[in-house]
Amino acid sequence: MSDSKEMGKRQLRPLDEELLTSSHTRHSIKGFGFQTNSGFSSFTGCLVHSQVPLALQVLFLAVCSVLLVVILVKVYKIPSSQEENNQMNVYQELTQLKAGVDRLCRSCPWDWTHFQGSCYFFSVAQKSWNDSATACHNVGAQLVVIKSDEEQNFLQQTSKKRGYTWMGLIDMSKESTWYWVDGSPLTLSFMKYWSKGEPNNLGEEDCAEFRDDGWNDTKCTNKKFWICKKLSTSCPSK
């Protein structure tokens with residue numbers, strides 16, 4: 001009977017040692033503070049305590065920054081693209097409108113006035129007679145040359161509302177011999193339009209102007225409004 005017990009003890013000893021070893025291992029693990037379900041937390045803790053190299057952390061932050069910039073660019077690019085499309089549509093509409101306007105036939109440019117087959121430009125600035133003549137030449141016209149009584153009345157009334165205005169009449173070549181800028185002389189039929197006592201050539205007054213209800217001679221260096229004149233354009237009949 002004692003031999004059986006002794007044999008039983010011998011048979012149980014390896015199992016007891018295994019249990020003791022297992023128990024000791026568990027206690028040892030607990031003693032070091034590890035738990036079977038705490039692996040992820042421990043790994044995260046390692047990252048937090050700077051076990052990841054600093055270069056990798058910087059790289060991670062750089063990648064995040066780049067991604068943020070890309071997202072912001074895409075967000076702001078959408079309204080910008082819509083605005084560009086709207087501007088393009090407006091530009092195309094204006095281009096089509098301009099093409100339609102250009103096809104319209106006008107006897108005179110937009111800022112000119114038509115009268116009896118001629119176009120007249122009434123300046124809003126003031127220049128000397130020579131500068132006024134140059135301004136007219138630059139637009140393919142000349143300082144106004146009066147050809148009829150109707151034209152004279154039209155120009156006199158228009159100038160009266162605006163102020164003293166140059167015409168294309170001078171006597172620079174020979175005193176008291178007045179001629180137009182197209183080379184034609186002043187005829188006797190137009191002498192009646194001089195104001196009373198004019199022209200008097202008071203102080204080298206060699207250029208004519210519209211003044212109030214008649215003509216006046218004055219210094220060519222004075223600054224006045226001016227009138228340009230050119231032939232109107234013939235439009236084809238529709």
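Glycine too: its Cβ is placed from the backbone N, Cα and C atoms.
Residues or ranges marked as Ca(2+) binding site in Swiss-Prot (evidence: similarity to another entry): E198, N200, L202, E205, N216, D217. Annotation comment: Swiss-Prot describes C108-C119, C136-C228, C207-C220 as disulfide bond. Residues annotated as domain 'C-type lectin' in Swiss-Prot, with sequence analysis given as evidence: 115-229. Annotated N-linked glycosylation site per Swiss-Prot: N130, N216, in sequence order, evidence recorded as sequence analysis. Per Swiss-Prot, topological domain 'Cytoplasmic' is recorded for 1-51, and the stated evidence type is sequence analysis. Taken from Swiss-Prot, the feature topological domain 'Extracellular' covers 73-238. Among the features that Swiss-Prot reports, transmembrane segment is placed at 52-72.
As a whole-number mean, the pLDDT of the topological domain 'Extracellular' (73-238) in this prediction is 90. For D217 (Ca(2+) binding site), the recorded positions whose C-alpha atoms fall inside a 10 Å radius of its own C-alpha are C207, out of C108, N130, C136, C207. Annotated pair E198 (Ca(2+) binding site) and C220 (disulfide bond), C-alpha to C-alpha distance, rounded: 16 Å. E205 (Ca(2+) binding site) and C220 (disulfide bond) have their C-alpha atoms 7 Å apart, to the nearest angstrom. The two recorded residues, C108 (disulfide bond) and N216 (Ca(2+) binding site), have Cα atoms 29 Å apart. Spatially, by CA atoms, the recorded positions C136, N200, L202, C228 include one closest to C220 (disulfide bond), and that is L202. Helix, strand and coil content of the domain 'C-type lectin' (115-229), in residues and according to DSSP, is 30 helix, 35 strand, 50 coil.
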